[in-house]
Amino acid sequence: MKSKKSAPGPPPRFVTNFIKMLVAPHLREEILGDLQERYYRRMQQQGAAKAGRRYWLESLAYLRPAFIKRQKEAFPSTFLLDSAMFENYLKITYRTFFQNKLYSIINVAGLSIGLAAAMLIMLYTKDEISYDQFHEGVSQIYRVDRKIIKSEGIAANSGYTGYFQGSRFSAGVPEILAFVRLQQAQVEMKMGTEIQLQAVSLVDSNFLSVFTFPLISGNAKTALLDPGSVVITEDMAQKQFGTTDVLGRTIFLKDGKGFNPVTVTGVAKNCPQNSSIKFQVLRPLNVSASEESVNENWFRFFLNTFVVLAPNTNVQTLNAKMQKVFEADAAESIKMIREKYGLADVGLSFFLQPLTEIHLSENVPASDGLSDAGNPAYSYILSGIALFILIIACINFVNLMVARSIKRAKEIGIRKAIGGNRNQLIVQFLGESFLLCLAAFVLAILLVQVVLPVFNQLSGKALALSYLVDFKLIAGYIILFISTVLLAGFYPALIISDYNPVRALNARFTLNGKNYLQKSLVVLQFGLASFLIISTFVIFSQFDFLTSEKLGYDDSDLITIEKWSTKHDQAALFKEQLMKNSNITGVAFKNNGYSGNTVKVNQDQKVNITYETIDASFIPLLKIPVLKGRNFSRSYPSDSTHSVLVNEAFVKQAGWKEPVGQEIAFFDTHEKYRVVGVVKDYHFKPLTEKIEPQLFTMNPGSDYGMFYIKIKPGSETSSLKYIAETFKNMFPLDSYSYGFKDQENLKSYEAEGKWKQILLFGAILTIFISCIGLLGLSVLSAETRTKEIGIRKVLGASVAGIVASLSRDFLKLVLIALLLAIPLAWLAANKWLENYPYRIALNGWLFAFSAMIVIMISLLTISFQSVKAALANPVNSLRSE
Amino acid sequence: MRRSDLGEFEEVVLLAVAALSPNAYTVAIAEELESETGNLVTSGAVHAALQRLEQKGYLRSVWGEATAERGGRRKRLYAVTALGGRVLQEARAVRSRLWDRILPSIRLEWS
């Protein structure tokens, strides 16, 4: 305790503050003075503790209405949202809106574009994250995935498993309640005389009870029990029969050699668009016990296995259990495979992946027989672009609102002078922003409706506006709206309401200060826009590179026909038929797709290869240069049995100096071949993949699956007709489909094409909205400097000089923005290009060009107004004051 | 004279203002009353009474000087108006008349 004589300290602050807050302002000084005086006196007389207690008591005595009641002001202020004032606000809003049509349209249009972009992205992301959520008990459904650790330490993940894993794992792990296998197949289907290739999903009979795909007719439990049954979707039923009432009707599907009738036992609703599993035709997957238990089946992967787990199962421990089952069960076959293929150092393990994670998984995506693997990067990039656009639109809103308010300074001054207080002004301007945002919001919804088809095409989705009717999404839009109103409206409201009435009523009112915020907002806008423009240029150049780079072979006028398992003699007959037409200049065969294999060279060195079966005319038809040795030839009968061609990459990997005549041996069959020629590396796969060692044989044992037909340029129509007829005659039971090789090659770059378009749109939008904002600001700048310009002109300044003086400030900002954006864009572009083995080199020109474009566009925008101001007759601007 | 015009506490406060004038302000009055009556008198109660009296027109006030012990805040000095004086006089007269009517013998019996 302090001595009685000590200097008085302040009274308890908490109490003081409380009183300060509570009592009316006009009484505050007196009351606080009284309290403090009494406190000090008491302290000197009775000590600090007692004085403190008394201080409390004294303060409490002020808790009465007489002290709390605020004094009435001389001029009563109106209620914040007085109806008369509200009407006035509306009127003023309406008038200012139509007085400055240009600004208003810029503002609302920009904002609605930004909002629409944000809405679309919200739709997109909602769809992306809602994938596969519609299944009942989805939290218990997992897919069995596998991981192969290669000798180089690279792990290859895949969702593919075989017949074997489902039954073995569910037998060995009690937590697995059920399993469903799903195999995708292309099956020829007959309707009348028409034969078409149809995607058919082969599934276990419990498929419809594990997954929630409701049937509109038929029994989900029994529909897939009979091997001769088939379940089709509504769309499929409509397409095939013209009605959905098709229970018991017959479809012909190709089985083995001929067409077999199957009976429709169920019609399912069309698969939801946000489903990884999409089917049109479901057939029972009938695997005999003998088929399933072939020794190597642990190591054959070609279908998806889904398992249903008991509730609340720990997946980690389950993965370990599964691994034990696998190691115990597969021990024999592992041993055997190691001996046979020499894969001693390869590890295999199985793990579970939740169904809901498949769509956006980067680890094991939905690509394995499932549709629509989503790339989370798309969601991020799209959201980023939408955010960019929205921010830029909001910045415009802020800048234009503040800029316009300068013209309204008189109104604000008068409002303040006649007693409007700051809160009222804030309410008024926030209200105006609110109304503009509301208009923009409504426009945005219309805009979304209009561009949705385009967006669907871009994003490869089937989104509809009805998607909007979702509680979470509506909440999201409301949040978006409110934050836009606050983001775009709050700052102008604060700035405007802060005007000094005396200065605001003065005719030569300008914004005080250096406006760092406004300037940095402009820099931010143009920084974002420049970033997107540079990125777009990079993607364009890379895309251009990918699509125009020489592939190393000639893909022009080349028609491809896919036909599985064609025997060599059939193919030769087909070729003979085709060559009768003079428009067809060449025919070659190849196996379908690319199969991987391993060969031994130099005694025991292993080379992983892509293995192709071709005929002698393949290399010359595609104009692939043979660098060493020779092409296959009919004059060497041994070519079809003992000769191979290899590519340069193979030679490099084998380390051969003299490749021709070297011996290679296949790992699995131990067959020995001799290299007769080396072909130049060519991009047999898209440029997004590196050229790997490739090996060609003419092995008559393996079937062809792809025909290459070279036609004379300009004869497409007649040649195609002839080819189709010949095909039908030769292979009446097969479906016919053709493609042009060069177009097919382009298809490999769909992802890049999509990025290109998305970014292009984003870049155009951002630069457009940024320029709109810049236009508004330059108009303002020219207007506030009308007099200055007039005087300069009278004193003899040139138009060019005035334009320069008006543009300089803005151009500086744009330049700063570019300086900030270029390094960032460079980093991002580099990161992106790392994904491509064949890529463009980033050079200064690309950036210089982008910078030029940004500068040109902004200069154009600014000069539009500057020139107008500079050309104006100074008499007009100087006459009135 | 109506009862509501001058409460008992108000009367005392009014009297105290008159007594302390020209140096009558809340704290001084509260202290004066505390020492006279021996009871706790809060400045809030005094202030409230002063406000009421001023509203009724019995008092007027001006800002006084600021002192250090008030934290540099000014005090408000009160003075009795003519009306206030009259009201006081009247109150006193009423009391005297009543006192006068009490017989001396009764007064003696109290003590």
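Glycine residues also receive a Cβ, built from the backbone N, Cα and C atoms like all the rest.
Just so you know, TrEMBL annotations are computer predictions that nobody has curated.
What TrEMBL says about this protein:
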type	residues	note
DOMAIN	A:104-324	domain 'MacB-like periplasmic core'
DOMAIN	A:385-501	domain 'ABC3 transporter permease C-terminal'
DOMAIN	A:527-682	domain 'MacB-like periplasmic core'
DOMAIN	A:761-870	domain 'ABC3 transporter permease C-terminal'
TRANSMEM	A:102-124	transmembrane segment
TRANSMEM	A:377-402	transmembrane segment
TRANSMEM	A:434-455	transmembrane segment
TRANSMEM	A:475-499	transmembrane segment
TRANSMEM	A:520-540	transmembrane segment
TRANSMEM	A:758-777	transmembrane segment
TRANSMEM	A:813-833	transmembrane segment
TRANSMEM	A:845-864	transmembrane segment
For the transmembrane segment (A:758-777), sequence-distant contacts whose Cβ falls under 8 Å of one of its Cβ atoms, 6 or more beyond its ends: 102-103, 106-107, 109-110, 113-114, 117, 381-382, 385, 388-389, 392-393, 395-396, 399-400, 403, 458-459, 518, 522, 525-526, 528-529, 532-533, 535-536, 539-540, 810, 854, 857-858, 861-862, 864-865
Outside the transmembrane segment (A:845-864), six or more residues from its ends: residues with CB under 8 Å to it: 526, 529-530, 533-534, 537-538, 541, 767, 770-771, 774-775, 778, 803, 806-807, 810-811, 814-815, 817-818, 822, 825-826
Stretch with greatest number of CB pairs under 8 Å, the transmembrane segment (A:475-499) reference, A:377-402, A:434-455, A:813-833 candidates: A:377-402
Tally of DSSP helical, extended and coil residues in the domain 'ABC3 transporter permease C-terminal' (A:385-501): 102 helix, 0 strand, 15 coil
Tertiary contacts of the transmembrane segment (A:434-455), as residues 6+ beyond its ends and Cβ separation under 8 Å: 93, 97, 104, 107-109, 111-116, 119-120, 123-124, 397, 461, 463-465, 481, 484-485, 488-489
PLDDT averaged over every residue in the domain 'ABC3 transporter permease C-terminal' (A:385-501): 82
Helix, strand and coil residues within the domain 'ABC3 transporter permease C-terminal' (A:761-870) as assigned by DSSP: 95 helix, 0 strand, 15 coil
